[in-house]
Amino acid sequence: MPTITDTFTLNNGLKMPKVGFGTWQTRPGKETFDAVSNALKAGYRFIDTAKAYQNEQSVGEAIAASDVAREDIFVQTKLPAESKTYDAAMADFDSSLAALNLDYVDSYIIHAPWPWAQMGSNHDVENRDVWRAMQDIYNSGRAKAIGVSNFNSHDLENLLTWDGLTVKPAVDQIQYYVGHTQDSIVKTATDSQIVVQAYSPLATGGLVDSPELERVAGNYGVSIPQLALRFVIQNGVAPLPKARAMSHVEANAQLDFEISDKDMAFLNRLTDENGWHPVGD
């Protein structure tokens, strides 16, 4: 089975492809439609979007126009970070489902533990209220799994220790790439059988000029992006690369090689303290 259609099993038994196609910073309309169409043609079966991206309608149109059956595509979207009440969460979910023109999504996740304008602020009480809505959405069958994004260990524990918890988060989508592997958050998640997803797995392009990665990639005859994505997968994390050009979409799907233990150890020792890191322990 090709790596991009191989799966992780979530804590509720749902199968999630190991590689997703991200649509952040992809403009609604033709740009998103073409990107998602290309991804599906290249073999991707996991499409990630969000209400905040304003491209859910275009994602849904590309899915509807494809030759791939709906049940063979894992569709994930996100509750806006600013929605911090039960009623707002329910309304935003209905809005996303309508925009996608789908009867259900495979995964629905909270985009962040705080509104973006209040990054790092405490919303423990509000997140539990929102999680009540997430659980109701899950129990309605309109989301096959529910989860979170940008949650650090504290934010995860806030839900996991709550006496109102009936459905555990299935995933936590965080910024994760070579040099920025967020080991503490990953441990908290995996200890509770929460699968970690990686956004910006190529550091938003920041890895492509790395001499260290270029050297290791040469050992396998692959590109730096291919090496970086394979690294994420071998660490048990699901990368969500985004690309527009068909050549890049296809290249990012060619991940059927194995990085040696020695090279994995080297890559895991690299550190990156640069760039934008919205969440951490």
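All positions are counted from 1 along the displayed chain.
Backbone N, Cα and C define each Cβ position, glycine as well.
According to TrEMBL, the protein has these features:
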- 18-269: domain 'NADP-dependent oxidoreductase' (DOMAIN)
- Tyr53: active site, proton donor (ACT_SITE)
- Lys78: site 'Lowers pKa of active site Tyr' (SITE)
- His111: substrate binding site (BINDING)
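Counting neighbouring Cβ atoms within 10 Å of each of the recorded positions (Lys78, His111), the lowest count belongs to His111. All protein chains shown were included, and the count of other CB atoms within 10 Å of the CB of Tyr53 (active site, proton donor) stands at 21. Tyr53 (active site, proton donor) sits 11 Å from His111 (substrate binding site), taking the Cα positions as reference. The two recorded residues, the residue listed as 'substrate binding site' and Lys78 (site 'Lowers pKa of active site Tyr'), show a Cα separation of 5 Å.
In the three-state DSSP scheme, Lys78 (site 'Lowers pKa of active site Tyr') is classed as strand.
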